Amino acid sequence: MGQVVTFLQSLPEVINEAINIALIAISIICILKGLVNFWKCGVVQLAIFLCLAGRKCDGLMIDRRHELSHVELNLTRMFDNLPQSCSKNNTHHYYKGPKGTTWGIELTLTNTSLDSYANMSRIRSLAFGNITNCDKTGEAGHTLKWLLNELHFNVLHVTRHVGARCRVSEGAGLLIQYNLTIGDHGGEVGRHLIASLAQIIGDNKAAWVGKCDSHCTMDGKCNYTNCEGFTHYNYLIIQNTTWENHCSYSPMSTIRMALNKVAYSSVSRQLLGFFTWDISDSSGAHVPGGYCLEQWAIVWAGIKCFDNAVMAKCNKDHNVEFCDTMRLFDFNQNAIKTLQLNVENSVNLLKRSINGLISDSLVIRNSLKQLAKIPYCNYTKFWYVNDTITGKHSLPQCWLMRNGSYLNETHFKNEWLWESQNLYNEMLLKEYEDRQGKTPIALTDICFWSLVFFTSTVFLQLVGIPTHRHLVGEGCPKPHRITSNSLCACGYYKIPKRPTRWVRKGK
């Protein structure tokens, strides 16, 4: 340590010596070059790889500045007023009550009848959702009415089902049984009822496979086990239950049901409006320049912002799932919040407006892909290419699913490489347009024509234009200018008809 202090104290004297300065320069160059070589040799990269191997990465780096990122949307709050469905398995399906309630409705497909159970009677009327003699809970009325209307009437266009029975005991809770083997005047209503249920659930195969054994206690609670096998169901059991996160639910099934009437008819639609979003800071003040998803709208904590370029693409191209989802967010933020409607009016407003907000062809296309076991979109997770230097994003694309799980990044490598290339092209095009806007047109013209002039002169210089005549075998006649007869006007060259030739200047 003392040697270092002594060296620092004598540093001014050392620098005075030229040889010492040269040694210092060489030492610095060697150290810097050694560090560069050490970084390029791969030892540091190997150590980083071994430390991070097997751990989750925040993003997949495509190149030095582009990163593959994703955003996972939380659509549940958007449809607080609508029941949201999910499936635990092929036989147990659930509906969550609106506005964050802790109760729900359980739908179970089984081959075991409850007709022998006490206090079961035929439902008086299913017209307009009238189940007053069945609904003894006093809390599931709105959800159950919506379920019956959408599941039964809007799909089947009938007002009764002769095989429907319910429990009428006071305080015993909700218990409704559909006998799916009994036909109505319209034919196999029960089978169509199951198909309608499959539309809401989102998996057309789930409603047709398996069977369950029921175990009912004296207090009216039924448990269903051994849900397996390959047979058609005979009964649909509807009962109230507590909401304990039985399964992860998605509102896209509800959207599919809301689009049911439009989905199977040839109806041309136009987008209701363009995006009017802007960025908001932490205090809620609007800052023009893009759109930020609030914390409730995404699965992970924080704010995710997309610039105006992404929103402009959504205004231009309507055939993208991400843009449809953003329209739903925009509608939820502005329409329902501004109008401050009650629950039932909000449901009606959403059902009427949803056909102008999202593309029903996309919903149907993804439903068909799911049915055909082709990777499909569930409108929840979207990937995009992020420029880590400029902060620009590509238009997010849906992260496809297969068999209930998201595809690996390698399955759509060509897609995100293409988006990365498009992002580079857009950046270069924008820089070119910016430069064009800052450069005067006259200066551009001068530069262009000067380049043309320079190229022409180079060509002429290479060709070599002859400038004067020479007498063959003699020196340069300048300053005399010889005619074609080898004569000069001044009389210096007097012998006519001598052989001449054209030569360049300086020859």
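Glycine too: its Cβ is placed from the backbone N, Cα and C atoms.
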Request  = Identify which of C227, C247, C292 is listed by Swiss-Prot as the disulfide partner of C86.
outcome  = C247
Request  = Look up N223, N408 in Swiss-Prot and give me whichever carries the note N-linked glycosylation site.
outcome  = N408
Request  = Given the candidates N111, N119, specify the residue that Swiss-Prot annotates with N-linked glycosylation site.
outcome  = N111
Ask   = According to Swiss-Prot, which residue out of N74, N386 bears the annotation N-linked glycosylation site?
value = N386
Ask   = What residue among C323, C398 is stated in Swiss-Prot to be the disulfide partner of C377?
value = C398
Note = Fewest neighbouring Cβ atoms within 10 Å among the recorded positions C86, C247, C398, C490 goes to C490
Key: Candidate with sparsest Cβ neighbourhood (10 Å radius) among N111, N179, N378, N386, N408, the listed glycosylation sites   = N408
Inquiry  = Of N179, N240, C314, N378, which is closest to N386 (N-linked glycosylation site) if I measure between C-alpha atoms? They're all recorded positions.
reply    = C314
Note = Among the recorded positions listed as N89, N111, C323, N403, the Cα nearest the Cα of H480 (Zn(2+) 1 binding site) belongs to C323
Ask   = Can you tell me the mean pLDDT for the topological domain 'Extracellular' (59-445)?
value = 65
Message = Using the alpha carbons only, what distance in Å do you get between C398 (disulfide bond) and C314 (disulfide bond) once rounded?
response = 14
